[in-house]
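The structure appears below as structure tokens.
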Amino acid sequence: MTNVSLVTMFFLMGLPRAPALDVPLLGLFLVIYVLTVVGNLLILLVITVDSHLHTPMYYFLTNLSFIDMWFSTVTVPKMLMTLASPGGRAISFHSCVAQLYSFHFLGSTECFLYTVMSYDRYLAISHPLRYTSMMSGRTCALLATSTWLSGSLHSAVQTTLTFRLPYCGPNQIQHYFCDAPPILKLACADTSMNEMVIFVNIGVVASGCFLLIVLSYVSIIWSILKIRTSEGRHRAFQTCASHCIVVLCFFGPGLFIYLRPGSRDAVDGVVAVFYTVLTPLLNPVVYTLRNKEVKRALLKVRSQSVFTQRK
């Protein structure tokens with residue numbers, strides 16, 4: 001990556017808010033962040049410990065929990081620093097590059113992973129007899145690895161396109177983390193080509209993944225309607241409901257920010273909170289509160305820890 005940037009430090013302006021809200025927002029987002037990390041760590045622990053959860057669906061869920069834990073860590077701690085003190089707004093040029101790369105790497109990997117998870121649910125419901133052979137351990141590992149490699153490549157393109165431009169003047173980023181749209185506004189060069197390529201790049205990935213997920217669920221619903229018993233249909237719908245909820249909460253705000261003409265700093269900052277702060281928390285909540293197997297495994301782990309302490 002080459003650039004002739006004269007800027008060595010950026011300043012994140014944070015969320016648009018009244019100064020009086022700094023302390024309440026700091027407390028709120030700190031609690032959400034702690035719950036997000038603890039919740040996702042619990043899911044990782046439970047799935048690892050309980051052999052009954054060593055299935056393709058929970059294998060992909062461990063990947064999702066791992067991503068969410070770090071996806072939140074990439075943005076939220078720095079946002080807390082901007083709320084805590086004015087000095088916390090500063091971020092070095094290279095740290096900004098690293099944050100943007102990590103954000104898009106984890107975000108696009110999660111995007112691909114949601115697509116794989118929808119395909120997994122399609123096979124489980126539409127082809128139950130062949131599901132075990134079609135989703136073998138090797139296939140699961142190959143699909144998971146592909147999502148991580150694709151996310152890495154996608155993010156490398158985004159980061160290179162953004163920071164190959166010169167930055168020699170304004171250094172105040174109207175956002176609470178380093179993202180391509182607000183950073184491109186500070187470049188000392190024409191960014192129209194970069195914006196178009198980034199728009200197409202994100203558009204193809206996000207829209208393509210979302211379309212594949214929709215097609216998977218259309219096929220799933222068609223298969224569910226063929227199930228004769230109402231109990232069977234209810235169980236099948238319940239299996240997919242959790243995935244649908246988190247998919248909508250992740251893709252909705254992302255598509256709104258990146259795939260609409262123009263950009264409004266205040267609106268983008270508020271909307272970004274949904275998929276950078278709330279969605280990583282939503283995953284452990286949805287997958288535990290709506291999933292009997294995970295709740296059962298959690299209770300089992302808890303009872304085992306209590307028994308160990310008593311001994």
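Note: Cβ is positioned from N, Cα and C throughout, glycine not excepted.
Remember, predicted model here, so these are calculated numbers, not experimental data.
The annotation transmembrane segment is assigned in TrEMBL to 30-49, 58-80, 100-119, 140-157, 198-225, 237-258, 270-289. As annotated by TrEMBL, domain 'G-protein coupled receptors family 1 profile' applies to 39-287.
As a quick check, the transmembrane segment (140-157) and the transmembrane segment (237-258) miss the bar of 3 or more Cβ pairs under 8 A, pairs 6 or more apart, so the two do not touch.
The stretch from 30-49, 58-80, 100-119, 198-225, 270-289 that makes the most Cβ contacts under 8 Å with the transmembrane segment (237-258) is 270-289.
Of the recorded ranges 30-49, 58-80, 198-225, the transmembrane segment (100-119) has the largest number of C-beta contacts under 8 angstroms with 58-80. Listed as Cβ neighbours of the transmembrane segment (58-80) (distance under 8 Å, sequence separation of 6 or more from its ends, same chain) are residues 12, 14-15, 26, 29-30, 32-33, 36-37, 40-41, 43-44, 47-48, 88, 91, 99, 102-103, 106-107, 109-110, 113-114, 116-117, 120, 140, 143-144, 147, 176-177, 276-277, 279-281, 283-284, 287. Mean pLDDT for the domain 'G-protein coupled receptors family 1 profile' (39-287) in this predicted model: 85.
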